[in-house]
Amino acid sequence: MGLENSLILFSLLVLVLGWVQPSLGKESSPDKFKRQHMDTEGSSKSSPTYCNQMRSPQEMTKGSCKPVNTFLHEPLEDVQAICSQDKVTCKDGKSNCHKSSSTLHITDCCLKGSSNYPKCNYTTTESQKHIIIACDGNPYVPVHFDASV
């Protein structure tokens, strides 16, 4: 009886770990947003090579060249506060997007036409624009960069 119970418990443990394990290493949407879009150091400083320097640490080019990416050079708290500002419709039609009430310092990285993975080459364009972000969760935080306007 003892061996039979042990086998049942072991089987249940393996089953539970099989369900839980895939989510253990998965990056959350808020963490992915921070990794892909936040550069609070504001390290671009008008460098024409900023986007090419950022492609590896921010994983802009993991398996393929990302066509466009925008970095936000503002404190995370300021970006999170946008989640309580004006609601707008997202590009995909969802209703969880919010538009910043003021402009933010951003850098747009656009893939140059002749670039192919793994040698992704980007143009760097700094500007001050309003941004639109999707927010979700509890607490309600940024999970997707939708646009700059």
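Quick reminder: no glycine exception, Cβ is built from N, Cα and C everywhere.
Annotation source Swiss-Prot lists active site, proton acceptor at H37, citing similarity to another entry. The substrate binding site feature in Swiss-Prot is assigned to K32, R35, K66, P67, V68, N69, T70, K91; the stated evidence is similarity to another entry. Look at Swiss-Prot and you will find 43-61 tagged as compositional bias 'Polar residues'. Among the features that Swiss-Prot reports, disulfide bond is placed at C51-C109, C65-C120, C83-C135, C90-C97, with the record citing similarity to another entry. Residues annotated as region 'Disordered' in Swiss-Prot: 25-62. Swiss-Prot lists 1-25 with the feature signal peptide, giving sequence analysis as the kind of evidence.
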Rounded inter-Cα distance in Å - R35 (substrate binding site), C135 (disulfide bond): 16
Fewest other C-beta atoms within 10 angstroms, as judged across V68, C83, C97, C135, which are the recorded positions: V68
For the recorded positions K32, R35, H37, the one whose C-beta sees the most other C-beta atoms within 10 angstroms: H37
Per-state residue totals over the region 'Disordered' (25-62) - DSSP helix, strand, coil: 14 helix, 1 strand, 23 coil
Where K66 (substrate binding site) sits in the secondary structure, as DSSP reduces it to three classes: coil
Least Cβ-crowded entry, counting other Cβ within 10 Å, from the binding-site residues listed as K66, K91: K91
Long-range Cβ environment of C90 (disulfide bond), under 8 Å and at least 6 residues apart: N96, C97, I132, A134, H144, D146
H37, K66, N69, T70, C135 screened against C120 (disulfide bond), Cα within 10 Å - retained recorded positions: K66
